[in-house]
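Below is one structure, written out as structure tokens, with a few remarks after it.
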Amino acid sequence: MLAIGITGSYASGKTFILNYLSAKGYKTFCADRCIKELYKDIVLQTQILKILPELEYFNIRKISNLIYNNDIAREKLQNFIYPLLIDKLILFKKENTNYKLAFSEIPLLYEAKFEQYFDFVVTIYCSEEIRMQRAITRAEFDINIYNKIKEIQLSQESKIAKADFSINSGVDMLDLEKQITKLIKDLECRV
């Protein structure tokens, strides 16, 4: 099995492409969904409240505001949550060894040094204008958090340069499907 990491900037189309691949029958893992599942655990919530005493109670929106405005709090949370995420990722890979390809969406793949867990990395990208258009349609959109995420993440250009493959998601569906089909063919040649 080839483990493929999918990354990209905020609102670049990562989840859309991951869902597309899932609908086509490929095994997929989403770091954001995994973390949301982890956050449902009461014991884990209590541990996070101990790590981040600034939080009066467990609330994902409050956590987002805190970690995007406090570098130390963000680092503490990442140091706690990343090992749990890695365990889930490794389990996903073990459970899917019989498949040719398995795709994992990891938004901060390079920033978190997760590239070591993948055979290949694909960066999803599009223009800043399209990313902003997509972002403002999200219920949880906050311009301050959006700007802070941009500061924290590597630039799209850096992610494209580091990646083995890249896909421009700022195109029509037909062109996007062509890019995904080409990616799959390129990857299947390497299995």
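Cβ coordinates come from backbone N, Cα and C, glycine included.
Positions annotated as domain 'DPCK' by Swiss-Prot, on the basis of sequence analysis: 3-191. The annotation ATP binding site is assigned in Swiss-Prot to A11, S12, G13, K14, T15, F16 on the grounds of sequence analysis.
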Local Cβ density at F16 (ATP binding site) - other Cβ atoms counted within 10 Å: 14
Neighbourhood of T15 (ATP binding site), C-beta criterion under 8 angstroms, separation at least six: C30, D32, E105
Under 8 Å by Cβ from G13 (ATP binding site), counting only residues of that chain that are 6 or more apart: I124, C126, R134, I167, S169, G170
ATP site shell beyond A11, S12, G13, K14, T15, F16, criterion: Cβ within 8 Å of Cβ centroid: G8, I17, I124, R134, S169
Tertiary neighbours of A11 (ATP binding site) (same chain, Cβ under 8 Å, six or more apart): R131, M132, R134, A135, R138
Number of other Cβ atoms within 10 Å of the Cβ of K14 (ATP binding site) across all protein chains: 26
Cβ atoms near S12 (ATP binding site) (within 10 Å, other residues, all chains): 28
